[in-house]
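K.L.:
Quick one: the structure is below, and I'll ask about it shortly.
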């Protein structure tokens, strides 16, 4: 029996609905009908803790826009410790600067390097031939010696320092011509020469102190006068390189006489006491000291150049 189309269509919908109701649910529906009178939220929120440090957005225990560890800097005890350490370091630096300025003043060192080309030329000529020089006095300006560039009798450290470096290089060159050069030789020559000049300066300073002499000689003056011998040592090595033994001994003997004469005339102005009552015992001690210092310089010149010039036989 034929069923009307309307009835057939409704029955199909019912079948589909029944099929959909028979399907198992994957998740349990926990929602409640709004008509029941209350609504349940979908998520659980923990209780809020009103932490002012966390609410500022900088993370737990850290305020916003602050670097790590800044909270310790805000501690009064930490600030007090930092201030105390800064003040202590400043006091130590000031004390060190005072002591350093007392013994190694920058202004004093600058004085010994206040030279020019004219001064260097005159000083080298004076060290090479001092016998015709008559005026050995040092000029002063308001109880202070004038700069070396204005007085070629004043001691300087420019020539000794440059001569020391040149001596090391010349020694290395001479050793190279004898096939005895090694990189260690430069260090050996530099260290030995440095040690000997320190011993000389300490011996002179100690002698002046023990003998209790009235002198205007400073330790930097002593260093300058002991360093002038390197000029003769350089010339001796170069002469020995060109003229062999005869040239070495001839130039060494000449510069030995020059340095002895130069130091005797120069140190007399610095060491001898200004007395007008004749040749006193203090003048004798000063003269002996001057002669000792002057005679030691040629011996040091020979000692520091002979082992370079002549190869020792093993």
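The backbone N, Cα and C atoms fix where each Cβ goes, glycine too.
Pulled from TrEMBL, these are the listed features:
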- 1-61: region 'Disordered' (REGION)
- 21-42: compositional bias 'Polar residues' (COMPBIAS)
- 157-176: transmembrane segment (TRANSMEM)
- 188-210: transmembrane segment (TRANSMEM)
- 222-242: transmembrane segment (TRANSMEM)
- 248-267: transmembrane segment (TRANSMEM)
- 287-305: transmembrane segment (TRANSMEM)
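Each of the listed features needs to be described in terms of its position in the shown structure.
P.N.:
Beyond its flanks by at least six residues, the transmembrane segment (188-210) meets 164, 167-168, 171-172, 217, 219, 222-223, 226-227, 271, 289, 293, 296, 300, 303-304, 308 of its own chain at Cβ-Cβ distances under 8 Å.
Same-chain residues lying 6 or more positions outside the transmembrane segment (248-267) and placing a CB less than 8 Å from one of its CB atoms are 126-131, 133, 136, 153, 155, 217, 225, 228-229, 231-233, 235-240, 290-291, 293-295, 297-298, 301-302, 305, 309.
With a threshold of 8 Å between CB atoms, the same-chain residues lying at least 6 positions outside the transmembrane segment (287-305) that come near it are 167, 171, 192-193, 196, 200, 204, 207-208, 211, 213, 225-226, 229, 232-233, 236-237, 240, 248, 252, 255-256, 259-260, 263-264, 267-268, 271-272.
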K.L.:
Using a Cβ-Cβ cut-off of under 8 Å, list the residues of the same chain that are 6+ residues beyond the ends of the transmembrane segment (222-242) and lie near it.
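P.N.:
The answer is 112, 124, 127-128, 155-157, 159-161, 163-164, 166-167, 170-171, 173-174, 177, 197, 200-201, 204-205, 248, 250-252, 254-256, 258-259, 262-263, 266-267, 293, 297-298, 300-301, 304-305, 308-309.
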